[in-house]
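Accompanying notes for the structure given below.
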Amino acid sequence: MRKQRIVIKISGACLKQNDSSIIDFIKINDLAEQIEKISKKYIVSIVLGGGNIWRGSIAKELDMDRNLADNMGMMATIINGLALENALNHLNVNTIVLSAIKCDKLVHESSANNIKKAIEKEQVMIFVAGTGFPYFTTDSCAAIRAAETESSIILMGKNGVDGVYDSDPKINPNAQFYEHITFNMALTQNLKVMDATALALCQENNINLLVFNIDKPNAIVDVLEKKNKYTIVSK
């Protein structure tokens, strides 16, 4: 029976414990253990952010060119990808890091052929360097990788938030939680699920989103087993 294909979008912030750390290897190892468990049932693709190492807000403070800043962000995701690959290798998980920019000594090219081979081998795919182009978000990258791998779901791991609300629950204690919303609702009400380009790509390719709190213990495993609170975004 063909395994269901899923993409998990993990922000760089999820990989750090506090402001003084860059990569928290306890968190990396915990994520790896969860991925190892679900890889027995799913073809798993991971899209990593790099915000634990480099953030666009820093570039603005330094009055840095946007192209350069975004390229630095892409390089940051490669570092994160190698750290996660190492943790998965220790668990004997068949893993490949696929990069949108050339870095042949460290990672493989994110090409259609390499993706096809990885799926055939049932490898966990770690996608790094975003789309390879500036001005595109990690959200857009997740949507593109989901389309390329023919994944049916993107798991959107949020830091400290259980899903989608009508306003920020950290600010508004009376914020309304949504169990299910449509792509059109997310766009028209600006519900901050992911950027508009990424939402449109998901809608066009029938890729559902599952928005959940990745900071909870065993969050990825539990949300796939429907044990945790989450929001579904679909047509």
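Each Cβ is built from the backbone N, Cα and C atoms, and glycine gets one as well.
If you look up Swiss-Prot, you'll see LYS9, ILE10, SER11, GLY12, GLY51, ARG55, ASN159, TYR165, ASP168 marked as ATP binding site, on the strength of similarity to another entry. Residues or ranges marked as UMP binding site in Swiss-Prot: GLY50, ASP70, THR131, GLY132, PHE133, PRO134, TYR135, PHE136, THR137, THR138.
Structure with Swiss-Prot features highlighted.
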residue	record	contacts (Cβ under 8 Å, 6+ apart)
LYS9	ATP binding site	VAL47, GLY49, THR138, ASP139, ALA142, ILE154, LEU155, MET156, GLY157
SER11	ATP binding site	GLY49, GLY51, THR138, GLY157, ASN159
GLY50	UMP binding site	GLY12, GLY73, MET74, MET75, ALA76, THR77, ILE79, ASN80
THR131	UMP binding site	ALA100, SER140, CYS141, ILE144
PHE133	UMP binding site	ALA100
TYR135	UMP binding site	ARG66, ASP70
THR137	UMP binding site	GLY130, MET194, ASP195, THR197, ALA198
ASP168	ATP binding site	ALA175
Hey, what's the widest CA-to-CA gap across GLY50, ASP70, THR131, GLY132, PHE133, PRO134, TYR135, PHE136, THR137, THR138, the UMP contacts in the record, in Å?
15
Give the number of CB atoms, excluding that of GLY51 (ATP binding site) itself, located within 10 Å of its CB.
21
Within 8 Å of the Cβ centroid of the UMP site residues GLY50, ASP70, THR131, GLY132, PHE133, PRO134, TYR135, PHE136, THR137, THR138, which other residues of the same chain have their Cβ?
GLY73, MET74, GLY130, SER140, CYS141
Neighbour count (Cβ, 10 Å) for ASN159 (ATP binding site):
10
Quick one: what's DSSP say for ASN159 (ATP binding site), helix, strand or coil?
coil
So the record assigns LYS9, ILE10, SER11, GLY12, GLY51, ARG55, ASN159, TYR165, ASP168 to ATP. If I measure every Cα pair among those residues, what is the longest distance in angstrom, as a whole number?
25
